[in-house]
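Chemist: Pasting the feature list from TrEMBL:
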ACT_SITE  Asp31  active site, proton acceptor
ACT_SITE  Asp171  active site, proton donor
BINDING   Ser6, His62, Gly138, Phe139, Gly140, Gly141, Asp171, Gly172, Gly173, Gly193, Ser194  substrate binding site
BINDING   His29, Asp31, His62, Asp171  divalent metal cation binding site
Amino acid sequence: MKLAPSILSADFAALADDIKKVASAEYIHIDIMDGHFVNNLTFGVNVVKALRPHSDQIFDCHLMVDNPESMLVDLQKAGADLVGVHYEACPHLHRTLTMIKQLGMKAEVVINPATPVSVIEPVLGLVDQVLIMTVDPGFGGQAFLEETLAKINQLAIYKQAHGLDFEIEVDGGINDQTIKLAKKAGATVAVAGSYVFGAENPGARLQALREGAAQVEAD
Ligand SMILES: O=C(CO)[C@@H](O)[C@H](O)COP(=O)(O)O
Ligand SMILES: [Fe+2]
């Protein structure tokens, strides 16, 4: 399973140092929040640009903003690799996802815990990754919503039945126990913020996540 430490729980005064502590992860997850789509306000394109020289990892940008289309060109220039837009924020989803791909980035669609998988079926042939939120977006440190497991499983079955090829990412409340539930349900990428950066040794927490996920294979 791929790991995506979320810098939402890192030290905002030392982001470049903190991402070096998670150099063994495949992705760096960057939560961009505008204070409108969600109540919280984090960072924008300038922080993506500032961090780019400090890491070769995939920059996985999770846009929790209204009108995400307006920042796509700047995000591409800043060095984003993969961009996730919320179904709930995009009335013209095909166009938005196509724009991400035309800019040379990987495209992801994101759904909130209360949004059913069926509404994104029309765009599943277009995306490189689907993010099933396992908490309501906006903040780190919330508890994993087990009700989302059925949706992860439903998406994994749909993907296989239709011969589609995309990653299934989960985000919110992931720790060394919940990662097992998510993997069993079919997730292939796990975001973790507070579990990783809330610890003295973020690298050891990544290792614990890998070991947790590996136990599912062994089952
Ligand atoms: O998108 C979000 C929150 O909206 C996440 O990426 C958080 O950063 C996850 O934090 P934890 O639940 O792992 O602490
Ligand atoms: Fe996120």
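The backbone N, Cα and C atoms fix where each Cβ goes, and this holds for glycine too.
Source: prediction; values computed, not measured.
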Chemist: Of Asp31, His62, Gly140, Asp171, the recorded positions listed, which put a C-beta under 6 Å from ligand 2? Please answer none if none do.
Modeler: Asp31, His62, Asp171
Chemist: For each of Gly138, Gly140, Gly173, count the other CB atoms within 10 A of its CB; which of these binding-site residues has the top count?
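Modeler: Buried the deepest by this measure is Gly173.
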Chemist: Do you know offhand how many angstrom separate His62 (divalent metal cation binding site) and Gly173 (substrate binding site) by C-alpha?
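Modeler: Computed Cα spacing between His62 (divalent metal cation binding site) and Gly173 (substrate binding site) is 16 Å.
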Chemist: How many neighbouring Cβ atoms, not counting its own, are there within 10 Å of the Cβ of His29 (divalent metal cation binding site)?
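Modeler: Other Cβ atoms found within 10 Å: 29.
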Chemist: Using CB atoms and a 10 A radius, I'd like the single residue among the binding-site residues Ser6, Ser194 with the highest neighbour count.
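Modeler: When each Cβ's neighbours within 10 Å are tallied, Ser6 tops the list.
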Chemist: Which one is it, among the recorded positions Ser6, Gly138, Asp171, Ser194, that lies nearest to His29 (divalent metal cation binding site) by Cα separation?
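Modeler: Considering only the listed recorded positions, the nearest one is Ser6.
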Chemist: What subset of the binding-site residues Ser6, Gly138, Ser194 lies within 10 angstroms of the residue listed as 'active site, proton donor' at the C-alpha level?
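Modeler: The binding-site residues passing the 10 Å Cα test are Ser6.
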Chemist: Using all protein chains in view, find how many other C-beta atoms are within 10 Å of the C-beta of Asp171 (active site, proton donor).
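Modeler: Counting Cβ neighbours of Asp171 (active site, proton donor) within 10 Å gives 26.
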Chemist: Which of the three DSSP states, helix, strand or coil, fits Gly173 (substrate binding site)?
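Modeler: Going by the DSSP assignment, Gly173 (substrate binding site) belongs to neither helix nor strand, so it counts as coil.
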Chemist: Please find which two of Ser6, His62, Gly138, Phe139, Gly140, Gly141, Asp171, Gly172, Gly173, Gly193, Ser194 have the most distant C-alpha atoms, given that the record lists them as binding substrate, and give only that distance in angstrom, rounded to a whole number.
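Modeler: Largest Cα to Cα distance for the substrate-binding set is 17 Å.
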Chemist: In sequence order, which residues at least six apart in the same chain have a CB under 8 Å from the CB of Asp31 (active site, proton acceptor)?
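Modeler: Expected: Ser6, Ile7, Leu8, Thr42, His62, Met64, Gly193.
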Chemist: Quick check: which same-chain residues outside Ser6, His62, Gly138, Phe139, Gly140, Gly141, Asp171, Gly172, Gly173, Gly193, Ser194 lie with their CB within 8 A of the centre of the substrate site CB atoms?
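Modeler: So the extra residues in range turn out to be Leu8, Ser9, Asp31, Val135, Pro137, Gln142, Val191.
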Chemist: Count the Cβ atoms, other than its own, that fall within 10 Å of the Cβ of His62 (divalent metal cation binding site), considering every protein chain shown.
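Modeler: I count 26 other Cβ atoms within 10 Å of it.
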